[in-house]
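Among the features that Swiss-Prot reports, active site is placed at ASP303, with the record citing sequence analysis. According to Swiss-Prot, the feature Zn(2+) 1 binding site maps to HIS58, HIS60, ASP150, ASP303, an assignment based on sequence analysis. Here Swiss-Prot flags HIS60, LEU61, ARG62, ASN92, ASN276, HIS307, PHE321, GLY322 as substrate binding site. The feature Zn(2+) 2 binding site is assigned by Swiss-Prot to ASP150, HIS177, HIS230, with sequence analysis given as support.
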Amino acid sequence: MYVLKNGQILNESGELENKDVLIQNGKVNLIADSIEVTSGEEFDATGKLIAPGFIDVHVHLREPGGEHKETILTGTKAAARGGYTTICSMPNTKPVPDSKEVMERLQAKIKETAEVRVLPYASITTSLGTDELVDFEALKEAGAFAFTDDGVGVQLAGTMYEAMKRAAALDMAIVAHCEDNSLIYGGVVHDGIFAEREGLKGIPNIAESVQIARDVLLAEAAGCHYHVCHISTKESVRVVRDAKRAGIRVTAEVSPHHLILDEEAIPGNDGQWKMNPPLRSKADRAALLEGLLDGTIDFIATDHAPHAAEEKNVPMEQAAFGIVGLETAFPLLYTHFVQTNEWTLKQLIDWMTVKPAECFKLPYGKLEEGTTADIVVLDLEKEATIDPDTFYSKGKNTPFVGETCIGWPVATFVEGTLVYKEGESK
């Protein structure tokens, strides 16, 4: 049992209220002006924000098969440090969770080592990127969160349509990395001014938007919940907006780096700045920000993608795609958008908690009496510089090295258990 004393919570109007919070038996037992108990542990939250634990539906934990990049243990420790209490793990592992047996082994490893709640995706196709569909029913029974071939777009419309019909029959979502392989052209960055300046092959916007346009029509025909991963282009935002207006069950996420950066921020041919989707144009970034504010884009997800140093400390042509994000998402977004009065604090918290929960029907994301005690305590006054050497993640690959941010998680509780406290050793 914990009593979080002298903290602040956000009410429905977005106003801060001084409150104590009692955690008992894994639940939020009481929220009141003052709580006094004779037993349990007191946590001093004076002047700090007590918020629902963050939810990230797009995380690469790399295990099994990529433990040199990340493990379930290190990735979930990073999640806890970043304030995340629920994360969804992508299936681009070796082996791929494309069968009941592999999924059950993965679930057992998660239960054994994870520091936060991990909901694993199953793949859509066997081995990722094939045209052979997995056994949807068996994988749902084994605990799959949803189905995705993340990292690879499903190339054949017929394969995607059949997958959507099977997912819809089980009331499960198809989650898509949207990329038409015939339109990538071997690109490593956005097909724009940086690619032209550096003489690099570019990935055009249509590689993403064309596949989303196809898929929303397939989702309409199949009656399926279709979720777009890491949306990055203005055309994609327009397609999703039109689909929502037409009543199609489509949702979309955006990553922090696509909201904060565009291609003009890239300093040179440096593998630390290589990600997929790539950093797009200023116009694309503006469309993402507009889409998030008007509800076209539903929430924020990190696409945490750790790699070993030797896979990133090389030119873009040789580097792996991806950056880490779990430990820096909140401070970066709070600094860039709340501190500048572009967003309210409540908007940011909602996009990291209740919005993803609502999209995927998860019973988390709210701080109310009776809810699961998934909680992050945030010090909105704390200022610190992003230093990969302090990361709990094995991945140190971030373009935000040296950036000073304000607003950091200082404690994280999962089902009432303290899983991270600032100042304690890794």
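Note that Cβ sites are derived from N, Cα and C of the backbone, with glycine treated the same way.
When the binding-site residues HIS58, HIS60, ASP150, HIS230 are screened for a Cα within 10 A of the Cα of ASN276 (substrate binding site), the ones that qualify are HIS230.
Checked against LEU61 (substrate binding site) by C-alpha proximity, the recorded positions ASP150, HIS177, HIS230, ASP303 yield ASP303 as the nearest.
Cβ atoms within 8 Å of the centroid of the Cβ atoms of HIS58, HIS60, ASP150, ASP303 (the Zn(2+) 1 site) belong to the same-chain residues VAL59, MET90, GLY151, HIS177, CYS229, HIS230, ALA301, THR302, HIS304, ALA305, site residues excluded. Checking each of the binding-site residues (HIS60, ARG62, GLY322) against ASP303 (active site), the C-alpha distance stays within 10 Å for HIS60, GLY322.
Cα to Cα, GLY322 (substrate binding site) and ASP150 (Zn(2+) 1 binding site) are separated by 13 Å. Residue pair HIS177 (Zn(2+) 2 binding site) / HIS307 (substrate binding site) shows a Cα separation of 19 Å. Using HIS58 (Zn(2+) 1 binding site) as the reference Cα, a 10 A cut-off selects HIS230 from the binding-site residues ASN92, HIS230, HIS307, PHE321.
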